[in-house]
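K.L.:
My questions will all concern the structure given below.
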Amino acid sequence: MITGAWRCGRKLDAELEICRVTEPIDKPCAESEKVQRWRMSLASLLFFTALLSDHLWLCAGGKLRSRDRTHRRTWNNASHDAQTGLRDEDCGVLLSNLTENGPDCVEADARRRAPLESACSTLYRQKSGSVSSSYSVTVPTVSPHAFLEYFRNFSLSFCDALTIADLLESMTSPDGLNCSLTHIIRDLFSGGPEDGDACSACVHAYTRLDQHAQEKYEEFDALTRKYMADDYSVRAQTHLCQVVYKAWLCAEYFPVPQRQCVRWLPCRHYCGEVTATCPFILPDNDRLLYAGSPSFLCAGFQEEYLSSQGPDCCDVRWSGCDSAVGAACALTHLPGSFSFHRRLSSGAMSCTNRLHGSKLKLCVLVLFLLHTFISITTLQHCSTGSLEAIVPLEEVPMREE
C-alpha cells in the first residue's frame, strides 16, 4: 500500500510536471495555428481575387482592342497625311481580309482597280476611235512612257501594290510569253487582224499568277485562324504575320520593283521576315513553339543574304488608297526581324502594359503561396516538436518501474 501510494504520488508528480513543461510549448503552437489558418484563408481569398480581376481585365482589354480596330482611321486624305506625317495606325489594314480595301478607299481607288480584262480592249477601242476614255493616248505618237502611264491605273487584285506597268517593265516573260513593252505596243498599234491579243494574253498571265498567290494565302489564312486565333506575342501579332506572309507571296510570284518605293530590299528577304515574325506551329498537337527548328524554312536564303544578289523588291507591307503615297504608308519595320526595327504601335504598347500587369500579379501570388507553404511547414514542425517533448515524459514512470 505504501509502495503503491508512493508510486501513485510519483506518477501524479510526473503528470503535474508534464503539464508544467508542456504548457508553455503548446500555447504558442495553438496561437500560431490560428494565425496560420487566417493566413491561409487570406491567401486563398487573394488568389481567387487575382484570378477574377485578371479575367475581367483581359475581357476589358479585348473589348478595347476590338474598339480600336473598329474605329481605326483610314486614309481619307492621303496627300495631307503624307505631308503632316504618317502613323502606323493610319494604314487602314483589314485583319479579316487583306485583299479588300475599306469602304472609304473604294471611291478613291476605283480607277486604279479597274477590271484588268478591259485594259487592253479599252486601249484598242480608243485607238479605233469607237470609245472615248479619260486616259487619252495619241496613237500616231504613242510613246512607252505614255503607254506605261495608262497601265499604271490597273493593279492586281491580290498583290494590289503592283500595277500592270510595274510588271511590263520588269517581268517580261510570264508563263513563257513575250510581254516586253516594245512587243505589246507593236501588237496593239500595228493594225493587224490580231491587235491586242498579246496584250490580253500577258494580262491574263499576270492575273493567273495573282490568283495562285491568293489561293496560297487563303490556305495560310485558314491555318492562322485555326492555330493562331489570338495574338501570340507582344512584339509580333497575328496580323503582322499575315501581312508579311502576303508580302512574301507577292515577292515570290512577282519579283519586280515598284515605281513608288521608299526602301528597296532583295525579294528573298521576305522569307526571313516570315521566319522571324510568325511562330513555329506543330501540326500534331495544336501547340505553339517559341524555340527550336522553324517550320517555315528559306532554301538558300543565307547565301543570297550574304551575296545580296537577286531581284530587288519594294519594302512595302501594305499600301493606302493612293498609289502615289502607298509606299509612305508601308510598315517597313517589323518587330523581331533581323534587319528592321519598327515603332511599337498603340496596340503593342497596351499588350506590353497588360503583360507587365499580369507578371506583377503572378509574382505577388507566388509570394503569398510561398509564404503560406513556409508557414504550414513551420506549424507542422512545431506540432512534431511538442509531441517529441511529451513522449519521453510519459515514458518516465515506465522506466522507474
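Backbone N, Cα and C define each Cβ position, glycine as well.
According to Swiss-Prot:
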TRANSMEM  42-62  transmembrane segment
CARBOHYD  Asn77  N-linked glycosylation site
CARBOHYD  Asn97  N-linked glycosylation site
CARBOHYD  Asn153  N-linked glycosylation site
CARBOHYD  Asn178  N-linked glycosylation site
TRANSMEM  362-382  transmembrane segment
K.L.:
Which is it, of Asn153, Asn178: the one of these glycosylation sites whose Cβ has the most other Cβ atoms within 10 Å?
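P.N.:
Per the Cβ count within 10 Å, the most buried is Asn153.
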K.L.:
Do you know offhand how many angstrom separate Asn178 (N-linked glycosylation site) and Asn153 (N-linked glycosylation site) by C-alpha?
P.N.:
22
K.L.:
Tell me, by DSSP, whether Asn153 (N-linked glycosylation site) is helix, strand or coil?
P.N.:
coil
K.L.:
For Asn178 (N-linked glycosylation site), what is the secondary structure state per DSSP, taken as helix, strand or coil?
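P.N.:
The three-state answer is coil.
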